[in-house]
């Protein structure tokens, strides 16, 4: 600071400035970026920035900004800035140097200069020296010394344990044991014991159960110094996390000088610092000291001591001011600069550089600057920007898949619910007729046989055959002539619309006019649209040409205009413009069209794609190219590209329609600006250049026989409107081409048709004038046009007849509608507008007056406060359960399959879930079929991404329950979630640019790779611990020299020349787009504990989340409920993975090699089955098989196939299936090396957004896009699903895996899955495919089995004596089991698997036949569809061949779903996500389209059995789907799924209604549970222990009938005594049971009674299981004892068990032969007691016992037998003689 006359005032100003800045900082939002830019950029350069604060945060930010943005500018201006922090640079700030002693100063006295030992020379009085005053110099405050304490054993124990369990030292209680802190993880516990043993060289017995403090007390011989383990941790901390040069010595020095810690306390702090290790290496010393400060601070709190850090700059109130003579300072600077300049000259001479060339370079730069300044003065930035080139043929979008859009439109039309008559009038209908092909006719012929589509199909078929479309595509204008209509309604609102023009016939009749009639009408003796020919210098009306033109219009409105084979360039065809309608007409006529756009292709591609899909006719083609008509280079490059045969299209243009325009509204002659010049350049100058470039190309190639037709867009506006810049001049300038046609030499190459464009309503230039159009027509007798009408006019000018004339002479087409020549046009328009506005205001005033009058007459309106605010819809997030209507509705139209299907071996899906780039299956489905999120979708994703969380408590002093913002804690209304977070959600979900924080910091722009280098010079010495140094020596041998450091355990290391190092390098990797999970996704939000998340690979937590959610989808609140119905060994876990735990594998290989911290048990997490193990340990607790398939991309299908096999072979009854894989850099890099994935860099250069880069079946596809996640299904036997009352989403009818062939390419797609259609020629005629035939054969087999059962039962009963009565039940059950098994085998043989009888039938056909379906009933094919060239074609070929071989009806194509266009390719999870999507399609009847398939590859046109929808199609219902998956390594898979309604046709109405009721009850119960747990973050319910105790484990495992019971708390566990439960195998009906008992037991009872000589009485009872109401608590309490209820509660089927006991009580009562007390008498006095495997015993109480005693009954025996629908009991009462 320069010394002023009044130093105190300067100090006061500085003080005030500092206070103001700090006040501003605290009071207002931080705007540091703007502030620092202003400070750095200002003219009076600031060279010294000082930050006052606890650390150098802002100084570092400013330093980075200056280096990044102002480095070159500072270099030119020789600016050298300093960035200092008050916390770290106090000495530099106060100019305090090591050799300088602090200056003492007295209070309130100015600083005096120090006395000199020699007298100073006298100074001139008139010129006092200017002095430079330095800042006040503080007195340093020393750190307070703290008594030193030795490092204790407990410090080391806590440090080692805390480091291992990843907690800070002060978060580990010394009173807890290692076992407690390990949370039951034996591996972690074992590892800790091993480390402590290595550290202390011996541990006491049972160390894991001792408190840490007790354990530490055993180490009485502890040396007070870190041992092997602790020392290694400290060394690793310093080596891996401290900045360069910040070694142990510096750490200790800092702790001593700044905190006053002694050597031993420093060691303790280092030990504790290990437990707080930073996540990455600290950037600089400032961060390192901050880290140490935080450790010391927490250490002080733990040690109970007050630690005070030395103040860096504590100073007295005043201090001395050092003064330096300014003249001396300037002299010193001058000498330094001269010296540096001499050094520069010497170095330049030595290096052979031109050291004096700089002035000339400066001069050149100055001249360039002057030229730029002159340009800016003449034009401006807008003009320069407007001329920039944007033409890039790589960004071209090409559309030519008319064949697929026609098929797609026909399918959508047939499935549309609108009446056929309405469809006939639609543009889609007319477009289909124009795009006719044999394939469409075949599709209609097939649909005409279907009742749901018959009417539409036959009508369209008749129309097409009658119209004769064999002549090729035409553009036919079918719209009525439209007129503008402007109305002012009663409220004063101006309403504009367009209505058909009508012609009156008498008073009450009118007819709609066609457009040709309207334009042919006369106006001033000429039609509204007419042609003129040259007459001297003028253009005169030409009758002959006009008649020709009007005839062409009539033809275009009737038979149509053909443009087949024409090649046209159109510039300026935005949405709603005339150009867009011209393009539509050309495409409908079969033309090849190039359209240019000045916008990014990704912005306009959707609209052009839709345009082509609507009208693109056979042979038509649309190419969209970026192009700026204001750029000369673009004009030249565009035409060159069109004509170039090598790199371009090799076209010769038939027409050019240059309609590109730039609006200049509001610019009069005094406001002509650069935009006007730019518009003039685009609409005139460069339009002429375009024509010139075409002429050059045609002349170069000798194309002088086919002139290109030029449609000039002229205008009747010759300044009439005014205020439109140079627009009129641009249009008038084009008219010179009429004369140049003759005066210049290009008439052989170009012909001119000038079209004067009339008033066209609704276009960009004229839309503001729509409301005055009617007034103009009425008052001036002119004709205005709609955009389609004007386009029709222009398309008629492109006919061959008109062109023939134009070849010889330019044509002038007046399409102005009479507007040309109207005088005072602007005034007339203004008058009409003024009248409309006036009418509007008058009516508004009348309305206001009327309201005021009503208010006066009827009183005031109700207070606003009484008006209820509008209700806002709330989100309702719930599992998407399948709808269940009544039995007749569900089975309507289906063949009856009752009793035909073996349900025990039929696989159904009862639950599913997923986790992927679009979140859950619910949110993914919304995006997949709708392309947008609902309120529920936004809410769920906002929760999933951590943007909101649920709150229940006091918020701002008021009770509040609902969502709050996770950061601000402000309440969030669900209706506002889309507005608040919508853009963030859409930007951070789905396929997008990789976010490093979601992939462990992986940034593809800095992909790290190791590079080997050999050093050629000795490196500077560095300090390292002894052990590390010896390791260097061991690796590098004599290339490393070690030198001990006196007084230290460390050594000095010198690396000699010749040593080989691996040095990291970074490179940009071009695969930087992927489908990551939504940003902010956190497994702890689901309820997974943090220690589990830290332990396992991310892929495992994906599986845990998905399996947990799949249970809710199945209606299961607790997975243990499954064990009420199955044995724990009957649940299989078949979830697979393609690659396994990538992060865990990285730890095993890379991180371990790089000596980074890695958990010791990382190996277990890298195993493929680790996720299955964790799922079972934390959630399922099953003892069934764990099968871990790895089928690369087909893993999920292989998992499903394994599960189906397990259920069908009765090895399991329930299975968890699916797949999971992660996205990490290693696999991404290797897929890129294989060229399998899309090159994101190339894709961006082509103009594709990240979300568009996965384009299955598109002609532009270039590889798949990786993604990550998991997909899960819960499958089980249909029998079990019906028994449990679980929702059934679909039937898995068939699954198969297949290899391919001999080869050398592992990833090559194969055709092995063709074998699913393997079939002989005659097999399709097999009677086994006839349901009725199979039913007859099955009935025969079942009847035979029933006869056998009846015979055996009679034989058994007849031979059983009363003494053997107790064994009767078991023997009968055995017979029933055999019979039931034989019936199921018969069902399996005659229905489920008819290929056992005839293996020549195709597996797919046989699977469909089970349900009465054929291959024609498969409606949807979910494709693997990876977006690679090879896969998509191969997959289409395979499916098409299968359908052809199986004789699928031609004209009945499959609708193809390509899900990966939305999700990317998750490898292992792919098939599971696809399967989930298919289940959702079955449930809704919706087939989602592939929105990224902008143009389906023409190579797929040959596959007639396939349609590739790009838009969603709503069907009336889907019967069946097929899914294919192709994985690297010859893993082909196929699954066929069927709608669940076909399963319900196999059961009776009563059984279905019972099932339906239980399913609905289950759903009603689970939905609030799901929502509550989601809000509370407890979706994942971790299991702490199995359903059995350790004592029960053996009994549970060995008892096949062991089942859990539900406790009063709702939990499931095995009863204390695991008793056998009655088998659930019997399959007799009630009628069978009654018949058997009536015939068999009668004989047995007679024999028994006769044998007992009359002392036995018998009771028999049969009860329907469904008749016993187990929900009636009063009934249960009156009739059953607590013991009976407890036993029944623990049985697999509580209702069946209670029904059996009720039948037994009734039978016993009958056997006692005592008087009845009525039907309502309680039965509690009769108790049935079960004792394990023994027959039940009977206990009588109270009145029942008294009655039995009176009857001298000494013993009562009972036998209970169950069937699926009934319970039967026989009781024998034996009396005393």
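Each Cβ is built from the backbone N, Cα and C atoms, and glycine gets one as well.
The feature region 'Disordered', as given by Swiss-Prot for the ranges 53-76, 77-100, 101-124, 125-148, sits at 101-124.
In sequence order, 1737 make up the list of same-chain residues 6 or more apart from residue 1731 (acetyl-CoA binding site) whose Cβ falls under 8 Å from its Cβ.
Per-residue pLDDT, averaged across the region 'Ketoreductase (KR) domain' (563-803), gives 91.
For the pair formed by residue 1712 (acetyl-CoA binding site) and residue 1424 (active site, for beta-ketoacyl synthase activity), distance between Cα atoms is given as 70 Å, rounded to the nearest Å. Counted within 10 Å of its Cβ, the other Cβ atoms near residue 1661 (acetyl-CoA binding site) come to 20, all protein chains included. Each of the recorded positions 1193, 1712 was scored by how many other Cβ atoms lie within 10 Å of its Cβ, and the smallest score goes to 1712.
Sequence-distant neighbours of residue 1709 (acetyl-CoA binding site) (same chain, 6+ residues apart, CB-CB distance under 8 A): 1659, 1716, 1723, 1726. In this structure, the CA atom of residue 1715 (acetyl-CoA binding site) is 74 Å away from the CA atom of residue 1424 (active site, for beta-ketoacyl synthase activity). DSSP assigns residue 1465 (active site, for beta-ketoacyl synthase activity) to a strand. Of all the recorded positions in the record (1424, 1706, 1762), the one with the smallest CA separation from residue 1193 (active site, for beta-ketoacyl synthase activity) is 1424.
Distance noted between the C-alpha atoms of residue 1465 (active site, for beta-ketoacyl synthase activity) and residue 1661 (acetyl-CoA binding site) is 62 Å. Here the C-alpha separation of residue 1661 (acetyl-CoA binding site) and residue 1424 (active site, for beta-ketoacyl synthase activity) works out to 58 Å. A helical conformation is recorded for residue 1193 (active site, for beta-ketoacyl synthase activity) in the three-state DSSP classification. For the domain 'Carrier' (151-237), the number of residues in each DSSP class (helix H, G, I; strand E, B; coil) is 53 helix, 2 strand, 32 coil. Non-local neighbourhood of residue 1706 (acetyl-CoA binding site): 1659, 1661, 1663, 1723, 1769, each in the same chain, at least six residues away, with C-beta under 8 Å from its C-beta.
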